[in-house]
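Student: Sharing the feature lines straight out of Swiss-Prot:
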BINDING   Phe57, Ile58, Ile59, Thr60, His61, Arg128, Thr327  substrate binding site
BINDING   His312  heme binding site
Amino acid sequence: MSCPYAGNGNDHDDSAVPLTTEVGKIYGEYLMLDKLLDAQCMLSEEDKRPVHDEHLFIITHQAYELWFKQIIFEFDSIRDMLDAEVIDETKTLEIVKRLNRVVLILKLLVDQVPILETMTPLDFMDFRKYLAPASGFQSLQFRLIENKLGVLTEQRVRYNQKYSDVFSDEEARNSIRNSEKDPSLLELVQRWLERTPGLEETGFNFWAKFQESVDRFLEAQVQSAMEEPVEKAKNYRLMDIEKRREVYRSIFDPAVHDALVRRGDRRFSHRALQGAIMITFYRDEPRFSQPHQLLTLLMDIDSLITKWRYNHVIMVQRMIGSQQLGTGGSSGYQYLRSTLSDRYKVFLDLFNLSTFLIPREAIPPLDETIRKKLINKSV
């Protein structure tokens with residue numbers, strides 16, 4: 001049956017007049033299916049001992065790599081749009097659309113893992129010997145995704161050698177080096193956040209107003225705690241308020257913030273963090289609606305990559321246990337489990353924004369000057 005969207009929907013109309021006289025490519029030629037469908041070479045079959053599930057293993061990983069290619073394509077286009085001094089609202093909408101596409105692709109990749117889990121550990125053992133020294137650690141495209149997203153080299157868990165050294169191909173190494181040098185999505189989003197309207201000290205000066213609101217909020221909390229009749233409960237509440245004050249100090253004191261960045265506990269510059277907090281507070285304002293969606297999608301991407309890593313870890317443990325080495329010589333399960341930590345979470349600061357929230361009624365109201373400025377559709 002032919003595709004109803006490609007023609008007039010009549011499978012038997014041999015007299016249909018072509019829409020163009022140019023000779024086009026047919027479906028298989030356009031998609032190069034002869035190459036694509038001939039790329040599943042089962043090593044067990046070459047060894048005259050074919051293992052049925054090796055075919056599933058190959059197909060699943062090839063599908064991953066195809067989707068990785070699309071994610072890289074989307075990331076590169078998004079980085080190009082963000083790498084500008086001014087980003088108008090139409091571009092922000094396109095960035096949101098493409099980030100959402102990446103989110104949907106990652107959801108699909110997470111859902112592919114259960115298909116691979118239909119293979120039992122014994123089935124996997126039947127062909128695992130053919131895989132060495134190949135390893136998922138050698139996926140160039142996944143490393144490029146990490147770098148383009150913003151995973152820092154110093155944040156990576158080392159195993160045996162530097163991650164780029166597993167690639168013997170010089171072209172692959174050049175791709176890795178270029179992806180490390182080019183501005184990552186993290187860096188470009190940071191620059192964009194630093195330009196958030198309303199942060200200017202000579203204008204609305206959101207940061208100063210926010211600090212005043214936090215001081216008033218904490219002071220009200222102290223007054224409420226002092227009225228607590230039970231001494232033990234009062235002391236507990238006062239101690240909790242002091243802890244919260246220290247948490248806020250970590251964002252209001254630039255030196256403390258910078259120390260946390262150097263330690264790897266924060267990613268954004270101090271100015272970018274201010275922008276992210278402002279967008280979060282005023283997300284209901286039309287001007288900040290799309291930026292808030294953008295930040296939410298970045299967290300979704302981080303979350304889904306973590307879920308994919310987790311599913312991969314669990315699958316590896318089911319297939320080879322937690323003591324065996326991986327096929328590429330890595331520590332297998334132990335190495336993969338270590339990648340689930342926050343050090344691999346690129347937009348960690350966005351996840352932690354909720355730490356610094358204050359009640360809605362305490363949020364500094366926007367004045368007419370900043371409201372007029374927010375009508376400007378570019379930033």
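Using the three backbone atoms N, Cα and C, a Cβ is placed for every residue, glycine included.
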Student: Please report the Cα separation of Ile59 (substrate binding site) and His312 (heme binding site) in Å, rounded to an integer.
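Tutor: It is 16 Å, counting Cα to Cα.
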Student: If I take the alpha carbons of Phe57 (substrate binding site) and the residue listed as 'heme binding site', what is the distance between them in whole Å?
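Tutor: So the Cα of the residue listed as 'heme binding site' lies 13 Å away from that of Phe57 (substrate binding site).
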Student: If you skip the near sequence neighbours and keep only those at least six away, which residues in the chain come within under 8 angstroms of Thr60 (substrate binding site), Cβ to Cβ?
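Tutor: Expected: Gln112, Ile115, Leu116.
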Student: CA-CA, which of the binding-site residues Ile58, His61, Arg128 lies nearest the residue listed as 'heme binding site'?
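Tutor: Going through Ile58, His61, Arg128 one by one, the Cα closest to that of the residue listed as 'heme binding site' is His61.
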Student: If I restrict to non-local contacts, at least six residues apart, and a C-beta distance under 8 angstroms, what lies near His61 (substrate binding site) in its own chain?
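Tutor: Gly136 - these are the non-local Cβ neighbours of His61 (substrate binding site), listed in sequence order.
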Student: What three-state secondary structure does DSSP assign to Ile59 (substrate binding site)?
Tutor: helix
